[in-house]
Amino acid sequence: MTNYIEHKPVMAKQVAELLVSNEEGIYVDATAGSGGHLGLLANTYPEASFIGIDIDPEAVKFLTEKFAGVSNVRIIRGNYADLPDILHSMEIGQVDGILLDLGISMHQALSAQRGFSIKNPGPLDMRFSIDQKVTAYELVNSLSEEQLADIIYRYGEERRARKIAKAVVEARKVKPLETTDELADLVARTVGYRGRIHPATRVFQALRIATNRELDNLQVALPRIFQVLKEGGRLAVISYHSLEDRIVKQFFKTWEEEGKGLRLTKKVVKPSLEEINENPSSRSAKLRVFKKGVGGNEN
């Protein structure tokens with residue numbers, strides 16, 4: 001099987017309980033990654049049909065091999081924002097449930113050549129898909145100091161954004177910043193270490209979000225996804241960043257106010273302390289679930 005780094009699915013039990021309302025329905029994991037949630041759902045609900053989608057060709061190759069013998073799972077490569085088109089190509093109108101697990105996969109985070117990792121030196125890439133034209137290298141080496149500071153502050157929520165952006169612009173006057181370790185070391189020298197978390201963590205997060213236009217993609221995707229959800233169907237979203245969660249929360253609130261359905265999670269669902277201890281990468285995860293249609297009971 002493809003050498004792909006798997007990770008534990010976050011809040012898997014809660015997702016399985018909140019997402020599935022029809023045990024013979026059609027469900028989509030639109031950010032399938034290494035197939036953690038997808039595998040659990042397919043095993044738990046053998047009479048249901050599942051579609052796993054991912055934009056990353058490495059993930060799709062792995063998923064295709066992993067689920068080759070699983071009759072109720074189909075794997076497709078694509079962007080979750082294009083879900084209506086993907087379903088149309090499969091001659092499917094609407095589905096019973098959709099899962100979005102936002103953010104970065106463990107494989108992407110740890111693979112040096114993908115350019116996401118602070119610990120493993122690699123090119124400044126950070127693209128979820130090799131089809132994308134813009135890389136983190138282009139952003140780091142071509143944006144103005146003001147533009148860089150804005151990205152780092154907005155998407156990384158980094159208070160020292162201006163100081164870091166200035167250091168980047170000064171450094172690239174000598175030579176372009178080409179690798180993840182060059183950028184990580186520059187940030188560390190500029191702001192120093194505070195605690196155990198690497199000082200470049202928020203900078204890398206900001207560049208990843210900007211490179212992949214993650215927030216724009218989410219804004220476009222949610223109303224499109226809602227269209228292909230059946231009455232009574234459920235949309236579950238796991239976010240890891242306050243800006244992502246804010247977008248999801250606002251859409252769900254607006255839909256409920258417009259009478260389009262109910263928020264099944266009035267209060268955001270978070271992983272237990274036990275899960276965080278077992279899987280530290282889940283610590284910032286937030287789960288929200290919306291049920292389309294009027295008259296359902298809250299879980």
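One is the number of the first residue shown, and numbering goes on along the chain from there.
Glycine is no exception: its Cβ is also placed from the backbone N, Cα and C atoms.
Feature list (source: Swiss-Prot):
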BINDING   G35, G36, H37, D54, Y80, D101, Q108  S-adenosyl-L-methionine binding site
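Distribution of Swiss-Prot features across the structure.
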residue : record                               : Cβ contacts under 8 Å, 6 or more apart
H37     : S-adenosyl-L-methionine binding site : P9, A12, V15, D29, L99, D101
D54     : S-adenosyl-L-methionine binding site : T31, A32, G33, V60, L63, R77, G78
Y80     : S-adenosyl-L-methionine binding site : A30, T31, I53, I55, L100, N217, A221, I225
Q108    : S-adenosyl-L-methionine binding site : D56, R114, F116, F128
Revision key, fill the gap. Looking at the binding-site residues G35, G36, the one with the fewest other Cβ atoms inside 10 Å is G36
Practice item. Could you tell me which three-state DSSP class H37 (S-adenosyl-L-methionine binding site) falls into? Key: helix
Revision key, fill the gap. D101 (S-adenosyl-L-methionine binding site), DSSP three-state class -> strand
Review point. For D101 (S-adenosyl-L-methionine binding site), what is the tally of other C-beta atoms lying within 10 angstroms of its C-beta?
Key: 24
